[in-house]
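Scroll down for the structure; my scribbles are underneath it.
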Amino acid sequence: MKFRPLLSLPPLPYRHHHNPLRTYTSQPPPHPPSKHPNPPSQSHLRHNRLILALTGATGSIYGVRTLQTLHDLNIETHLILSKWALPTLRYECPQYTLPYLTSLATHTHSPRDLAAPISSGSYPVDGMIIAPCSMKTLAAIRMGYGEDLISRSADVCIKEGRRLVLMVRETPLSVIHLENMLALARLGVVIFPPVPGFYTRPGGIEEVVGHSVGRMLDVMGVDVDVNGQGVNGEGDGDGVMPREGRCCDWVYVLAPVNQVFIPDNTQDA
């Protein structure tokens with residue numbers, strides 16, 4: 001019996017899908033400028049490419065600040081906004097419009113575009129951040145229900161062993177929420193609720209947001225300080241000295257050991 005050789009076909013060309021959300025503005029509204037206008041290359045990222053998704057949970061400012069910081073650090077970003085992310089953004093941060101966000105992102109994808117390159121594991125990215133992450137998106141990721149591009153991209157990061165950070169926003173948390181977080185944490189997903197650190201003595205909301213964004217990006221492997229700005233290992237001149245240039249290694253000296261006040265409660269009943 002003779003077998004006919006298989007017909008060798010050339011690979012299909014990649015089709016570029018026009019994204020109607022990808023718009024630009026000539027003069028976007030200003031955002032807090034980086035203290036280091038020429039940040040160094042980020043050696044901790046292999047491909048210098050991250051996926052950033054915003055959902056309808058409260059806390060849109062965290063996603064905006066993350067996008068601004070990644071833009072200042074010249075990191076390629078793939079931005080996804082869920083269906084309810086835009087109404088939440090308009091209500092909480094009306095000064096940050098959709099054209100402004102897309103002007104900061106390198107690429108913007110519709111949540112319905114499951115043909116986007118980031119929906120495939122063969123497209124190399126360093127990881128994905130969902131900030132803020134709603135409980136609906138959390139549940140979809142936990143169950144592997146890739147209904148939209150956000151849950152599909154997160155599923156790809158899990159199966160490819162890439163870093164996935166979820167800035168979950170909900171309170172109080174039900175048993176369902178906690179079990180979903182625990183299941184994903186066991187798979188290596190980073191559950192990152194934006195809990196402020198008051199030991200930094202923040203002067204306002206911007207500093208509270210910047211501190212959480214800085215710590216989250218540090219987990220992703222991006223060199224930032226605690227305020228979410230790029231660092232070059234030389235400090236920022238504010239009196240807090242970084243160690244090895246990463247925010248998790250910063251030391252806060254609140255008071256010398258010999259000056260710590262310990263109340264005397266021996267006479268209390």
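Heads up, the Cβ atoms here are built off N, Cα and C, so glycines get one too.
When TrEMBL records GLY56, ALA57, THR58, SER134, MET135, LYS136, THR137, ARG169 as binding FMN, the matching candidate from SER82, SER110, SER153 it lists for that site is SER82. Cα spacing between GLY56 (FMN binding site) and ARG215 (dimethylallyl phosphate binding site): 22 Å, rounded to the nearest whole number. Its Cβ taken as reference, THR58 (FMN binding site) is surrounded by 14 other Cβ atoms within 10 Å in the chains shown. In this structure, the CA atom of ARG215 (dimethylallyl phosphate binding site) is 19 Å away from the CA atom of THR58 (FMN binding site). Within the same chain, residues at least 6 positions away in sequence whose Cβ sits under 8 Å from that of SER134 (FMN binding site) are THR55, GLY56, ALA57, SER82, TRP84, ARG169, GLU170. Of the chain residues outside the FMN site list GLY56, ALA57, THR58, SER82, SER134, MET135, LYS136, THR137, ARG169, THR55, TRP84, PRO132, CYS133, LEU138, GLU170 have their Cβ within 8 Å of the site's Cβ mean position.
The FMN site in the record is lined by GLY56, ALA57, THR58, SER82, SER134, MET135, LYS136, THR137, ARG169, and its two most distant CA atoms lie 15 Å apart.
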